[in-house]
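K.L.:
One structure coming up, written as structure tokens, with questions to follow.
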Amino acid sequence: MVLSLDLRRYRNIVVLTGAGISVASGVRPFRGPNGVWNEWDIERCATRTALEQSPQLVWQAFGPLRSQLQTTQPNAAHRALARFEQSLGKHQRFTLITQNIDGLHQLAGSRNLVEFHGSLRQSRCSDEQCDQPSFVDQRAHTQTLPLCPTCGKPLRPDIVLFEEAIPVWAETQAKRSLRECDFFLAVGTSGTVFPAAAFARTAQMLGARTMLVNLEPHAADDSAFEEQQIGRAEELLPTLLGVA
């Protein structure tokens with residue numbers, strides 16, 4: 001039986017989400033037995049080098065995924081986190097860090113959100129010096145290479161590719177929230193992919209209570225998670241967070 005957590009005494013709550021939270025919405029994970037990476041040549045279409053040499057190949061890979069997202073909706077786990085954030089008292093702070101690029105937390109209504117790897121629902125200029133801001137873009141761009149309306153250089157999905165660093169603002173915001181965190185919850189993530197893998201350990205070392213909600217347990221002998229709830233996030237979170 002899943003019991004509701006009493007989180008009223010915590011002042012700085014940080015939640016980290018991974019691919020597992022979006023499976024119930026029909027979003028395939030990138031890793032694992034049914035992962036997208038099993039079907040792609042990563043070096044050919046999902047790296048910084050690929051973007052520089054053949055940007056159209058990047059769009060041919062990510063464009064169809066963007067098209068699929070147009071009909072994808074947040075599930076009960078996304079909505080539970082948004083409702084929980086809205087229910088917190090004025091003395092409490094909440095930060096949601098997601099490794100996902102599907103944009104479902106934003107659709108669900110989450111506000112203090114750090115999209116650590118960007119959002120596939122947005123495009124930006126491939127030229128880092130261009131001042132064209134990132135913008136919402138529903139087009140797949142699989143047939144014709146899109147160009148920046150400001151400088152004419154190729155547009156790109158506003159996501160972090162392999163060989164690229166996490167944006168400084170995202171890493172800074174994540175680290176700041178972890179320094180002050182007293183309750184850390186990871187949802188739908190194995191906790192093994194860096195740099196996000198270090199988040200639970202950092203929170204634990206700084207004295208936070210740590211919990212994992214995932215289909216599979218974190219098997220490491222020195223797990224940074226003091227508590228684990230094993231099951232589907234969309235079934236567990238509404239009750240755990242007291243927003244069922």
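Cβ atoms are placed via backbone N, Cα and C, with glycine included.
So TrEMBL has the following annotated:
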type	residues	note
ACT_SITE	His117	active site, proton acceptor
BINDING	Cys125, Cys130, Cys148, Cys151	Zn(2+) binding site
DOMAIN	1-244	domain 'Deacetylase sirtuin-type'
K.L.:
Let me know the most crowded of the binding-site residues, choosing from Cys125, Cys130, Cys148, Cys151 and counting other Cβ atoms within 10 Å.
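P.N.:
Answer returned by the neighbour count: Cys125.
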K.L.:
I need the CA-to-CA distance for Cys148 (Zn(2+) binding site) versus His117 (active site, proton acceptor), whole Å please.
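P.N.:
Cys148 (Zn(2+) binding site) to His117 (active site, proton acceptor), Cα-Cα distance: 21 Å.
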K.L.:
Other than Cys125, Cys130, Cys148, Cys151, which residues of the same chain sit close to Zn(2+)? List them in sequence order, counting a residue when its Cβ is within 8 Å of the Cβ centroid of the site.
P.N.:
Ser126, Asp127, Asp131, Gln132, Pro149, Thr150, Gly152, Lys153, Leu155
